[in-house]
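K.L.:
Take a look at the following structure, please.
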Amino acid sequence: MTIALGALFAGTLVMGCAEMLVMGMLDLMAADLSVPVSAVGVLVSANALGIAVGGPLLTFLTTRLDRRPVLLAALVVFIGLNLLPALGAGLEAFIAARVVIGGVEGLFIAAAITTATSIVPPERAGRAMAVVISGFAVSGAVGMPLGRLLGEAVGWRASFLAVVLAGTAVLLISWLVLPRVAAEGDVGMLGQLRLAFAPRVLAVLAVGVLLFAGVSAALTYLVPFLDGVAGVSGPWIGLCLMGYGIAAAAGSFAGGGFADTGAARALTIGTIGVSASLVAMILWGSNPVVAVLAVLGLGMCAAGITTPWQHRVEHLAGPGAILAASLPASAGNLGDAIGAFAGGHAIDTGSVQTAILTAAVLATIAIAAAIASRSLRPAPIPTTEPALTPKPAAVH
């Protein structure tokens, strides 16, 4: 069980690092390809688009399949497409590949969470989810600096060979240790669709969209805030960003236990923590100590609610949890896009502090939505046909 969870964690870690790798090498890639940095930045958007749209679509198309071959197939596609840069593929081909990579990444997340929660007792489902989700949280701390180091040491194309090698190692380990997890219940693909997109599920997804829009509105312009408002400059900015990543990883791991003891409550408290951190950045952001502590609090609380949010969505989806497992990642990417746009508009019409204020407003609205959603319960689903397997999915 522990080895299987470790393999799933390693899978999300490698995929997350591959996603962040590009962000650390944008200027190196742009210089080598003789294109603007903004053109290379499309790779980031392409990956997000793949997760947001392709993840749920691929999960829907594979809901009737055992999760083990789905996970292995996702890893094979991920490895193959990350070979393209090393083989000399141009920017356009790699952008197209990143859309597909994002799709299989979203599929892997959903299948990994379903697998993780199926091999632990129901009362530990949140902690199992946290193991999978924390792979991305840790990648946020190490992926970007790792990309920079590799890009400068061996070149950006060769850097993706490291991704391929790491992915291959994860594939081999996964092939050896991952159990079979058959499709649960007999609700069918349309039943999965109906349950996963039920109004009660969409209401909780909206909480995350609002919250991560707020987080993104602040994070996108975090460096200008630290430099221009808090007076943090030079190497201290890098240390602060690293501290944010470490705080996020710690919050992600801790979120699993809170999800097991009360996901709805943890989601509300975490949302309040995000809002409070943003308010502190507005009111006392000129004090570097307070500003840094607020940034760390933002990272810990934002990452800490990801597992309770995931847990809550799957719980409300009931037998539709296999498809619903892909939706928080999709909704989170939507929130990131909204937040980056809102923050950019705020800066254009005001200042960095205006962007932080916009973030705080979005997070405060998310608090109201989280409180309003606490009373939601999954609808009883009558069934007259036997389940394909007695193994429970990621709901309880």
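Cβ atoms here come from the backbone N, Cα and C positions, even for glycine.
Feature list, courtesy of TrEMBL:
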- 4-381: domain 'Major facilitator superfamily (MFS) profile' (DOMAIN)
- 34-58: transmembrane segment (TRANSMEM)
- 70-89: transmembrane segment (TRANSMEM)
- 95-116: transmembrane segment (TRANSMEM)
- 128-146: transmembrane segment (TRANSMEM)
- 158-178: transmembrane segment (TRANSMEM)
- 199-223: transmembrane segment (TRANSMEM)
- 235-254: transmembrane segment (TRANSMEM)
- 266-284: transmembrane segment (TRANSMEM)
- 290-309: transmembrane segment (TRANSMEM)
- 321-342: transmembrane segment (TRANSMEM)
- 354-372: transmembrane segment (TRANSMEM)
K.L.:
Go through the chain and flag residues at least 6 beyond the ends of the transmembrane segment (70-89) whose CB is under 8 A from any CB in it; none is fine as an answer.
P.N.:
8, 11, 15, 18, 62, 97-98, 100-101, 104-105, 107-108, 111-112, 115, 156-158, 160-161, 163-164, 167-168, 170-171, 174-175, 178
K.L.:
With CB pairs under 8 Å as the measure, which of the listed stretches 34-58, 95-116, 290-309, 321-342, 354-372 comes out on top against the transmembrane segment (128-146)?
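P.N.:
Comparing 34-58, 95-116, 290-309, 321-342, 354-372: 95-116 has the most Cβ pairs near the transmembrane segment (128-146).
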K.L.:
Within the same chain, where does the transmembrane segment (290-309) have neighbours whose Cβ lies under 8 angstroms from its own Cβ atoms, ignoring anything closer than 6 residues to its ends? I mean 6 or more beyond.
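P.N.:
For the transmembrane segment (290-309), the list is 126, 129-130, 133, 137, 204, 207-208, 211-212, 215, 218-219, 222, 225-226, 229-230, 232, 240, 243-245, 247-252, 254-256, 258-259, 263-264, 266-267, 270-271, 273-274, 276-278, 280-281, 284, 328, 332.
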K.L.:
Per-residue pLDDT averaged over the domain 'Major facilitator superfamily (MFS) profile' (4-381) comes to what?
P.N.:
90
